[in-house]
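Engineer: Have a look at this one.
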Amino acid sequence: MGGKRKDNGSEGVEGEEDSKNSNKKMKKEKREILPSSIKNKEKRSAVHAKLKHQKKLDKRKKLKARDAAAKRALELGEEPPAKQIPRTIENAREADETVCMPDDEELFAGNDADEFSAILKQDRTPKILITTCRFNSTRGPAFINELLSVIPNAHYYKRGTYDLKKIVEYANNKEFTSIVVVHTNRREPDALLVIGLPDGPTAHFKLSSLVLRKDIKNHGNPTSHEPELVLNNFTTRLGHRIGRLIQSLFPQSPNFRGRRVITFHNQRDFIFFRHHRYIFEAKETKQSDSKGKNVKDTKGEGISKEKVIARLQECGPRFTLKLVSLQHGTFDTKGGEYEWVHKPEMDTSRRRFFL
Amino acid sequence: MPRATTVDCPGCPPLRALTFDALGLIKVIEARGKGGGGVPKVVDRWGDPDASKGLVAASLIDRKIDPLLAVARKNGVIEILNPLNGELFFSVSDLSNDGVRPEDNAIVGLHLFRKQRLELASRSCILLACRTKGNASIKTIGMADTKAGSGAPKTWNVCASGNISFSEVDGSESYALFGGKGVEVNMWDLEQCTKIWTAKPPPPNSLGIFTPTWFTSATFLSKDDHRKVVAGTNNHQVRLYDLSAQRRPVISFDFRENPIKAVAEDPDGHTIYIGNGSGDLASVDIRTGKLLGCFLGKCSGSIRSIARHPELPVIASCGLDSYLRIWDIGTRQLLSSVFLKQHLSKVVFDTNFAEEEVKHDVADTATLDALSIDETVGETEKPPTKRKKSSSKENKEGKKKKKASSKEKDGTKKLKSKKDDFADGQVSDLEYTL
């Protein structure tokens, strides 16, 4: 014990009792032995279980302490201690130098010069050609029907046996602004090819998690008003370009009275598509506050403390897209140049995203 | 703990490169730092973002005294600039295209000749420009003259039909190479303007399939020998031609599945670097046709241009993913990458860059830039810009002093310097009229 005390003294551990010091040192030594280095299975599993139990107790203790501190602060009327922000992958996303900055004049100049600027400036109205791959079955046609109702001014043509390059030519002649090709694999739509015209970029998306309208509970029926478009989280330059590509599929003058919104939400390089109809309502419904049609007919005098919320009713399909490649010209896999193509060597970190 | 490896980017040796992009901007990237640890940064940006003036071709005369940079824009304008500070010497717009829009018959290849047939004092330069439809012309542009060319430009048609994709001039500057879609690689003697050699396509393969000719890029294999040529096709093939041997390719091999967009040669004469349409960069030993290795480094866009530094063992590649990447040749490792925000079309190295600490003096740069684009205004009396071994800032100061002195002794010279494009937005309006 004396020797140990001397050791502790030389290490310079701050003022605690000597016996506690020595105990702590012994515990430290034990903890330094990782369970994985013990060869004996029974002993190893025992040590591991003990470690886990210890961790659980520590965590519970911390949680209790935090709650107690918050409650005490509330009772005393002070502010509770700040809540800790949980670490998520989106929070910890690697800093990307390609993120669009708001004051970047090159970005705006590039936007003016790119292939979508004519449509986005309302010089051309979007006219979409939807077609499929050569063999189409089961869920494909149903999906196409829903797409036709979602995208205004969309026309469906059967594929036949035309080459996609020829289809691009025909579409250019008939003045379409984009082509959307739904590709089916194993009786399920699994890829979406969006080709901007006349010589715009070609984006190849992988489609997954498709839920058709009839499978959504309490779904609504979309109307034919022009939808509002919500594009979330397309931060990088590539994301911005894809966002503009999607924007060019829809008309630029949304009809707000129609209360129809289409959302493309980008998170971790997956783009989630949702289609809703919304209604604004006041929470303390003494006063009917909704726009347009409202079932309730109460006309009370409103107490001014109402919170306006928007209630959503989902209609239309629900699916997720992931960008596989973005090609600079129209569809030409063999002879074209790619602006962005996903390569496995790019996935160096779980916190790195490209859109 | 992150569950994946992170690729470290060691820095690159001190170098300077100029990149040209689709919005008409020229960006200067410099890397400073002793040893190999420099991080390249954009130090300058010349030009206004304007898509109709996108840069399609460029050529740099890389020498210590009086370096010149020629760029060709999408609207048919050829400009001669000073690569030290982006100062425009003059610009020529090509009016020889009657009826055809400049965008349809854009310039595909440009080359500034190093040897100047006229004396240095008049500071003229000779350019070879080749267009998509096949019109190639050698123009002499003299700074002292009021007209576009002091002599009649020599024009000839390289191909009867098809589109030209590239044009290259060899090290001795007496032979030029052209090729493109539907146009076989052909070599012309520039002194006599005659075609001395045309390639012959390889025989159709055993199935009888004959791929149409479409060359996307080519280069001479070595600076001294004009007889060996490497060309890349749209059909992901790389072919070596030897003029002294035969018209068919000597060696031909496939590389992945996208068109070969850029080929560059190594000064050692037997290695080439190829870049294709989906961002794969590789080095190949052309004597055997064997792939030496690929450059892995997250390049996800088509590589438009590869430049090999004449002295340092680095290559630079730029392309549609808006990055300029610098690679080490021996280890094939990515040394550094710079994000440049636009689709890049070409990169050139500026070798006469001595790395010393330069403080960017804002006032200095503001006064020196952007002469008026009027062709008739030249700088006849200004002595050629001497590139001292010291930094470019001192060079600019030297120029400023010379300008001040020339102001005093100049005759009827009127210079107007316009507002420059730098973000600091200083307007300097110097008018010298005497």
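Please read every residue number as a count from 1 along the shown chain.
Even glycines carry a Cβ here, placed using N, Cα and C.
Pasting the feature list from TrEMBL:
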REGION    A:1-64  region 'Disordered'
COMPBIAS  A:29-45  compositional bias 'Basic and acidic residues'
COMPBIAS  A:46-64  compositional bias 'Basic residues'
DOMAIN    A:126-332  domain 'Brix'
Engineer: Could you tell me how many residues in the compositional bias 'Basic residues' (A:46-64) are helical, how many are strand and how many are coil under DSSP?
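Structural biologist: Computed counts for the compositional bias 'Basic residues' (A:46-64) are 19 helix, 0 strand, 0 coil.
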Engineer: What are the DSSP helix, strand and coil residue counts for the compositional bias 'Basic and acidic residues' (A:29-45)?
Structural biologist: 12 helix, 0 strand, 5 coil
Engineer: Grab the pLDDT values for the domain 'Brix' (A:126-332) and give me their mean, rounded.
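Structural biologist: Looking only at the domain 'Brix' (A:126-332), pLDDT averages out to 84.
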